[in-house]
Amino acid sequence: MKFMTLLYLLLMVLGLMVSLYLFHRAAGTLNIGKINVVSLTYFLFLIQTYLGISLIMLGFDKHYTLKYLTQGDGVLPTVFYVTIAAMILLPLVILGVFNIAKVKAGPAYDAYLQAPVRKEKDEVIFWLVIAGGGVCLLLLAVYLLKIGYLPLLKMIAAPADFNFALERTRINSIIVINQYVRNLLILQFIPLVSYITFAFSLSTRKMKWHVLTVVFFAAALVTKTNNFSKSPVIFHLFIYLLIFIYIRGGLKRWVQGVFWAAMAGLTMLFYTVLGAGGMPNGWLDIYNGPLGRIIFTQVGTLSYSFDMFPAIYPYLGGRSFTPTLLRLVGADPARHLRSAKVIMDFYGSERVYDGTAGVMNSCFLGEAYANFGFWGILFSIFWVGLMLAVFFLLMLKLPKTPVTVVLSAVMACKLALMSQTGFTDFVYSADVMVTTVGLLILNVAPQIWDWLLKRLHTKPRKQSAP
């Protein structure tokens with residue numbers, strides 16, 4: 001074995017051991033049955049980035065993404081060292097925030113899991129769900145009529161000549177009233193309502209919530225499979241698991257086994273029906289199919305950022321921030337450009353030409369580097385760690401109600417996924433802001449309603465005669 005291979009193996013093992021220790025302290029636990037936003041972010045980073053780049057450095061470098069690198073394997077050591085640094089520095093930032101807040105993650109998180117869900121009046125939220133959710137279901141029906149079929153059924157059984165890529169492009173262009181109605185009220189609000197009904201069903205055990213859970217679970221499954229994407233439905237189901245964990249205090253091992261077996265089976269079904277570019281060595285082929293997608297595709301795309309910027313394309317200098325944020329800082333919002341789009345246009349040009357291309361996402365390190373170089377990487381590690389720590393503290397401090405449990409579960413999944421899709425969303429994300437503010441308002445809706453009733457029923461005092 002060559003000296004450099006031994007060195008990479010040693011660094012890989014050391015990085016893994018140190019990161020396991022630090023993330024265990026930062027998350028309070030790495031028990032899958034008690035997973036939280038910090039541990040989920042770590043597991044995604046470990047599997048989708050760290051494992052892939054480590055295997056590549058050990059010689060497993062035959063994945064298709066690597067053959068498009070213009071500098072060959074010259075950028076791969078840089079990606080390896082940056083990944084190890086992030087695995088160690090990120091939990092240190094989180095621990096630093098916890099030390100300032102004088103919070104120990106382990107005991108605080110255990111106390112949160114063991115705390116009972118507050119029993120509060122649910123009538124107001126129930127009728128809000130009926131009214132708002134009913135409107136969204138009607139809009140979903142209109143959306144499906146415009147599509148012309150139920151996408152979920154096509155994923156299960158489609159004709160041999162059915163082109164999923166072209167149909168995905170067509171479906172993404174369909175709107176109901178306008179794109180905001182489709183994106184917010186149908187694609188985002190219906191799954192959110194399904195989580196709320198599930199949380200109330202678990203905590204109150206009332207039949208009315210059980211019925212709503214079944215209805216909105218089915219509707220949410222339709223929205224999450226509307227364009228044949230595989231990962232959204234997997235993470236959608238994972239949010240239900242998080243809600244269950246937060247309300248019941250954890251998962252028994254047999255429940256974990258059943259859930260992960262079901263997710264593996266669902267993934268295999270999707271890849272069988274939708275196709276995965278061929279799996280010449282079967283399901284255990286590490287370069288193709290689900291294993292290749294999970295282990296190598298993400299880190300291959302991350303390598304593109306270091307291969308392209310600034311050698312081929314100059315640093316974006318903040319252009320990846322949202323148009324809203326660019327406008328606030330006095331920049332031209334028309335110059336908005338996500339690095340994932342630039343990378344797709346260059347490395348995935350064939351799919352751009354045939355109209356089936358989207359973007360090439362990687363972990364937050366890639367977008368930070370594409371915009372600001374290595375200084376951007378350092379700042380992104382600090383900022384992402386800060387955001388994860390602040391949200392974790394917010395979760396631990398909020399009163400434990402069905403709605404705040406949903407907020408904790410949804411935001412844990414959103415933030416963990418954001419860490420694998422880019423950096424700029426951690427600075428400004430309308431989705432995160434709307435979800436957080438909306439659920440916090442819904443959480444106090446019963447108190448607001450009681451206050452309004454008191455105001456309406458309070459009779460003005462009669463003034464005494466002079």
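In case you wondered, yes, glycine gets a Cβ from its N, Cα and C as well.
Here is what TrEMBL records for this protein:
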type	residues	note
TRANSMEM	6-23	transmembrane segment
TRANSMEM	35-60	transmembrane segment
TRANSMEM	80-103	transmembrane segment
TRANSMEM	124-145	transmembrane segment
TRANSMEM	184-202	transmembrane segment
TRANSMEM	209-227	transmembrane segment
TRANSMEM	233-251	transmembrane segment
TRANSMEM	258-279	transmembrane segment
TRANSMEM	374-396	transmembrane segment
TRANSMEM	432-453	transmembrane segment
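Taking residue pairs at least 6 apart in sequence, the transmembrane segment (374-396) and the transmembrane segment (35-60) share three or more C-beta contacts under 8 angstroms. Across 6-23, 184-202, 233-251, 374-396, 432-453, stretch 184-202 shows the highest tally of CB pairs under 8 A with the transmembrane segment (209-227). Counting residues 6+ beyond its ends, the transmembrane segment (432-453) has Cβ neighbours under 8 Å at 120-125, 128, 184, 188, 192, 196, 401, 403-404, 406-407, 410-411, 414-415, 425 in the same chain. With a threshold of 8 Å between CB atoms, the same-chain residues lying at least 6 positions outside the transmembrane segment (124-145) that come near it are 174, 176-177, 181-182, 185-186, 189-190, 193, 196-197, 200, 208-209, 212, 215-216, 219, 222-223, 226, 403, 442, 445-446, 449.
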